[in-house]
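Asker: OK, TrEMBL features for this one:
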- A:Gly40, A:Gly41, A:Arg62, A:Asn157: substrate binding site (BINDING)
- A:4-242: domain 'Aspartate/glutamate/uridylate kinase' (DOMAIN)
- A:Lys8: site 'Transition state stabilizer' (SITE)
- A:Lys223: site 'Transition state stabilizer' (SITE)
Number of protein chains: 2
Amino acid sequence: MQKLSIIKIGGNIIEDETSLDAFLKLFSNLEGKKILVHGGGKRATSIASKLGIESKMVNGRRITDKETLEVITMVYGGLVNKNIVAKLQANNTNAIGLTGADINSIQSDKRPIKEIDFGFVGDVKKVNHTNIDKLIQADFTPVFCAITHDGNGQLLNTNADTITSTIAVEMSEIYDTSIYYCFELNGVLQDLNDKESVIKNINSATYKELLKDKIIIDGMIPKIDNCFDALKNGVQKVYIGNASMITKEKDNFTTITL
Amino acid sequence: MQKLSIIKIGGNIIEDETSLDAFLKLFSNLEGKKILVHGGGKRATSIASKLGIESKMVNGRRITDKETLEVITMVYGGLVNKNIVAKLQANNTNAIGLTGADINSIQSDKRPIKEIDFGFVGDVKKVNHTNIDKLIQADFTPVFCAITHDGNGQLLNTNADTITSTIAVEMSEIYDTSIYYCFELNGVLQDLNDKESVIKNINSATYKELLKDKIIIDGMIPKIDNCFDALKNGVQKVYIGNASMITKEKDNFTTITL
C-alpha cells in the first residue's frame, strides 16, 4: 500500500507566523501523500471577544452557541485555513482547504444534550474516504479545519484530534497510514520537569508500565488511549512531538505502536 | 462538448436566508455540471464595523487594507462559503468551497499602485482549468468566493463578476459554457421604472442600438461589455436576471449572445 501521513498542528504553531511558516516549509518538503489537520488556536476567542461574544464555559468546558459557531466558521474555516492554503501554494504544495461539509468528507452528529448542552458541537459519525481519496489521487493536499457538518445544512465545531484519528482510521483501508500529532513538547515525557526526557517508544506493554508507574498521567491518558484506538483500527504508526519531528532528522519524539 | 453552467449570485441572495435557501434548492435541481460563484454582501462591512475596522473609501471605491482583507477572508471564505457548502450538501449537491488559492485555481496580480492604492485587491491573471476540471470530473460542484491569491502566499480580494467571466472563458476550452448573472432585477430593462420591461435578447447588433438610444446606460455598460468579452472568448451564452431564471420555467430574463 502507498504511504499516507496525517499531520495535526495546534495553536502553538498557528498563532505564531514564524512557527507556521517554518512548519509549512517542513510539511511541503515531506515526501508522499499527506493530509494536514489544524485546530484554531486562541484567535477565535480574541475575535469573539472583540465582537462582544462571551466565551461560555460550563464545568470548564466551552459551549458553542450560534454566535460562537459563526466566529469559529470565520476563523478556522476562513482566516486560518485559507491563509495556510495560500502559504502552502507558495511552497509548491497544491493544497485544498476543507471543512467536513466540503465533498461531504466528515459527517457528525450534534452532541446529544445530557447534563450539559454543548451547543453546535459534533461527534464524528462518518468519514468519506472515497471522496477524500479523489482529491489525493488528483495530487491535491487536503487541509482540514476542525469543523464538520450534520448533513442537514448545519456546521458543527469538532475536536481536531478526533478528526485526525478518524480520518486516519478510514484512510488506513486504502493507505499505509501514519499520524503525527505535533504539539509544544518534544514528545511524551518521562519527567514533566525535563523537556528532554522524551520516551522514544511506547507500545501496549510499556504503556501499561508507564500508567502503573504514574509516569503518564492526567490529560495525556485519553490522548494516548486515542492513539492506541487508531492503531487497533488500522493506523500503522502514531508519532507525538514537536513539529520538527516530521523531518525525522532527529529521533527526539515519541513513536507509538501496538 | 459537455455543458457547464456558471452561476454568480450577489448580496441580495446571500444576505437573506430564505432567498439563499430557495436559490440553493433551484441550483441543486439544475441538471449538468455547474459552478457557483458568490460575492460577500454587506456582512463583511457589518463585521468589520463591529471589529472597529473602518471601511476606507477613496473616490468612492473601497480600499482593502490588511485588516479588511482578514475580515473578507473570514466572511467570504469562511462564514458565507462554508454555510453555502453545508446547505448544498443538505440538497444532495456534493459541493466544495474554494478560494483561488485552493488547488491554485485562480492566480491574480496585486493591483499596481497608480493614483490610488487599492491595497490587497487582485486582478485575475490565470485560471487553472485543469485543476478545476479534476473536481468537476470527480462529480464535485465548485463554490468559489471572491478571493484569489498571488502564488506567493498572499490572498487578494477580487471582483466576483470578473472571477465568474474569467473562469467561464477558461472552462469554455473544454465545456459548452454558459454564465448566469443573478441579481435583484428580472433582467436588463427597457425602462428602468418598469421592472417587467425586460429586454429578452441582446446581441452585438441590438446592443449598439440600445447604447445609441441610451436605453443601456451607466453601470450596466461595463457589465454588458464584460458579457460580450466572455462571448467573444468562447462562452456560449450569458444570462442576466433574477435567480429564478436558472430554472428557465419563465422567459422573463435577458439572454446575451454574440
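Every residue, even glycine, has its Cβ placed from backbone N, Cα and C.
Keep in mind that TrEMBL annotations are predicted by a computer and have not been checked by a curator.
Keep in mind it's a predicted model, so treat the numbers as computed, not measured.
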Asker: May I have the list of same-chain residues other than A:Gly40, A:Gly41, A:Arg62, A:Asn157 whose Cβ is within 8 Å of the Cβ centroid of the recorded substrate site, in sequence order?
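Answerer: Not counting the recorded site residues, we get A:Gly39, A:Ala44, A:Thr45, A:Ile72, A:Val75, A:Tyr76, A:Ala146.
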Asker: Restricting to the chain of A:Gly41 (substrate binding site) and a gap of 6 or more, list residues whose Cβ falls under 8 Å of its Cβ, or answer none.
Answerer: A:Gly10, A:Gly11, A:Asn12, A:Ile14, A:Glu15, A:Val80
Asker: For the substrate binding residues given in the record (A:Gly40, A:Gly41, A:Arg62, A:Asn157), what is the largest pairwise C-alpha separation in angstrom?
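Answerer: Max span of the substrate binding residues, Cα based, is 14 Å.
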Asker: Which chain-mates of A:Gly40 (substrate binding site) that are at least 6 residues away have a CB under 8 A from its CB, listed by sequence?
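Answerer: Non-local contacts for A:Gly40 (substrate binding site): A:Gly11, A:Ile14, A:Ile72, A:Val75, A:Tyr76, A:Val80, A:Cys145, A:Ala146, A:Ala160.
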Asker: What is the pLDDT of the domain 'Aspartate/glutamate/uridylate kinase' (A:4-242) when averaged and given as a whole number?
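Answerer: On average, pLDDT over the domain 'Aspartate/glutamate/uridylate kinase' (A:4-242) sits at 95.
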Asker: Relative to the Cβ position of A:Lys8 (site 'Transition state stabilizer'), how many further Cβ atoms are located within 10 Å?
Answerer: 24
Asker: What kind of secondary structure is A:Gly40 (substrate binding site) part of, going by DSSP in three states?
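Answerer: DSSP assigns A:Gly40 (substrate binding site) to coil.
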Asker: List every residue in the same chain as A:Arg62 (substrate binding site), at least 6 positions away in sequence, whose Cβ is under 8 Å from its Cβ.
Answerer: A:Ser55, A:Lys56, A:Thr68
Asker: Give me the Cα-Cα distance between A:Lys8 (site 'Transition state stabilizer') and A:Asn157 (substrate binding site), rounded to a whole Å.
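Answerer: So the alpha carbons of A:Lys8 (site 'Transition state stabilizer') and A:Asn157 (substrate binding site) sit roughly 16 Å from each other.
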Asker: Which number gives the other C-beta atoms within 10 angstroms of the C-beta of A:Asn157 (substrate binding site), all protein chains shown included?
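Answerer: A 10 Å sphere around the Cβ of A:Asn157 (substrate binding site) contains 25 other Cβ atoms.
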